[in-house]
Amino acid sequence: MSMTTSRERNVPPDDNEIELGRSRHSDVAPESESPQAHLLNSDVASVTKNFMRNASHATANSGAIAAVLSYCIASISMTVINKFTVSGEKFTMNLLVLLCQCSVGVAMVYAAKCMGWIQIRTLNMRDVKTWFPISTMLVFVIYTGSKALQHMDIPIYTIFKNLTIILIAYGELLWFNGRITPMVFLSFILMVLSSIIAAWPDLAPSTAKTLYSRAFESLNLYTGVPHATEGWGEGVRTEAASAMHPHTALSPLSVKPYVGAATPLAAAVAQQNSEAAASSSTLSSWSTNGYVWMLANCMISATYVLVMRKRIKLTGFKDWDTMFYNNLLSIPVLLFMSLLVENWSVETFEHNFPREKRSTLVFAILLSGTGGVFISYTTAWCIRVTSSTTYSMVGALNKLPLALSGMLFFGNPVTPYNSIGVAVGFIAGIVYAVGKYKQVVAARIANSDATGASTSLSSSSSAAPSGEYVFDLKGEIPTHTRQQ
C-alpha cells in the first residue's frame, strides 16, 4: 500500500489539470500558493476592468467625434442650399419651402421605418402634448434663420450665430446649474466683438450721417445757407439752389444769405434731409431687416435648445424619434402659418419660382429636405452625447468653413471687416473650447479629491459637471434595432 501511494504521488499532473491551475491532489498543496493565486487573479481582473473601461471611453469619444463631424457637414450643406433657395430680395414663400422640407424629411424617415432599417416609437397624446411646443419653436427657429439668411451674407450670418452660445450658456446657468469661468466669459466678449466688427460697415455710416445731417440742419435754420454733406443728397440741394437762383451758375456753397430767405431755404433743407433720409433708409433697410431677423433667431434658437434638452429627458425620445416627430408635428404649424401669411396665388408662384429657374429651385428644395433629415438627426445626436452648450460651440467653430463656403459659392465680398470678424469669432470659439476643457478637468480633480477616484480624463462620468461630456456607450451611432 505504501508503494502504491508513493507511486501515485510521483505521477505528474496531466495538461488539463495544469490548465485548470490545480493538480490531482491540490487539497494537499502548500498554503503559500493560495495568496499568490489570489493576487494573480485580482491583477487579471483589474487589468480586464481597466481595459473594458478604456474601451468604453474610446467608443464614447469616437462616437462624440462622429456626431460633431456629422453635424458640421450637415450644417454647411444646409446653409449653402438654403441660401441658394431663398436668396434674392423678391423671394417671399419661406414657409412653403420649410413645409416642403419637413414633408420630404418625414417621408424619408417613414420609408426607412417601413424597410426595417430603423424603428420609431409609437406616438401617444402625452408625447404630443410634451413635444408640440418644441416643434412649434423649431418652425420659428428655421423661419427666422431663413429670413436672416435671405437678408444677410453668409459670413455675417455665421458670425452673429455666435451670440446664441452666450444665451444658451446663461440659460444652462439658470436651468441646469451650469458655471461660467473667466476664460469662458472672455470668449463671450470676443464673440460680441466679432459681431460688432462684422456689422460695423452697416452700423457706422448711418449713425454718422444722422449726426452730420442734424448738425447742419440746425446750422441751416440759422444761416439760411445749405451746406454740403460730402456727396449726400447733393442732387436735392443743387435743384433747390437752382430754383432760387435760376440766373446764376454758382454752387450752393457760394450762395450768400439774404433777408427773408431763411424760411424758403429752411424748407428746402428740410425737404432735402427728409428725402435723403428716406433714400438712406431704403438702402439700409435690407441689412437692417437681416439684423432684426438674426436677433430673433438667436433668442428663439437658444430657447429651443434648452427646452429641447429638458423635454428629451421627459419623453425619453431617441434621435430618430426626435427628428421624425419634430418634422411631423411642424407640418400643421407650417401649413397654417403659410396660408395665413403668404399669398398662394398663381402670380406669387410665378414670382417666386420663375420658369427659367423652377426646376433648379424644386431640386434644391428636395435636396434641402433630404439634408434636413441629416441635420435634425445630427443635432439631436450631438446634444445627446455632449451637451447643448458644446453643440452650440461646435457650431461656432464651424463658422470659419461656413463663411468660406459663402465666399466660394455666392461670391460674398471679402472685406477687412468681415474677414477680421470671422477670425475673431473663430478665436473666440477656440478660447471657449479651452475654457470648457479646463472647467471639466477642474471638476474632475475636485471630485477625485472628494472621493479618492482617479483624476484621469477617462475617469467616471460622474465627475463631469451638469451639461458636460458624459463618457458612456451613448457615443455609439444611436440607431434602433428591431426586436426579435
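Note that Cβ sites are derived from N, Cα and C of the backbone, with glycine treated the same way.
When you go through Asn162, Asn343 in Swiss-Prot, the residue listed as N-linked glycosylation site is Asn343. Swiss-Prot assigns Asn82 and Ile445 to topological domains with different names, so the membrane separates them in that record. Residue counts of the topological domain 'Lumenal' (343-360) by helix, strand and coil are 10 helix, 0 strand, 8 coil (DSSP-based). The helix, strand and coil residue counts that DSSP assigns across the topological domain 'Lumenal' (151-155) are 3 helix, 0 strand, 2 coil. Counting Cβ pairs under 8 Å to the transmembrane segment (156-176), the top-ranked stretch among 91-111, 322-342, 361-381, 414-434 is 414-434. Taking residue pairs at least 6 apart in sequence, the transmembrane segment (361-381) and the transmembrane segment (91-111) share three or more C-beta contacts under 8 angstroms. Contact between the transmembrane segment (130-150) and the transmembrane segment (322-342) is supported by 3 or more Cβ pairs under 8 Å, counting only residues 6 or more apart in sequence.
Around Asn343 (N-linked glycosylation site), the same-chain residues six or more apart in sequence whose CB sits under 8 Å from its CB are Thr92, listed in sequence order.
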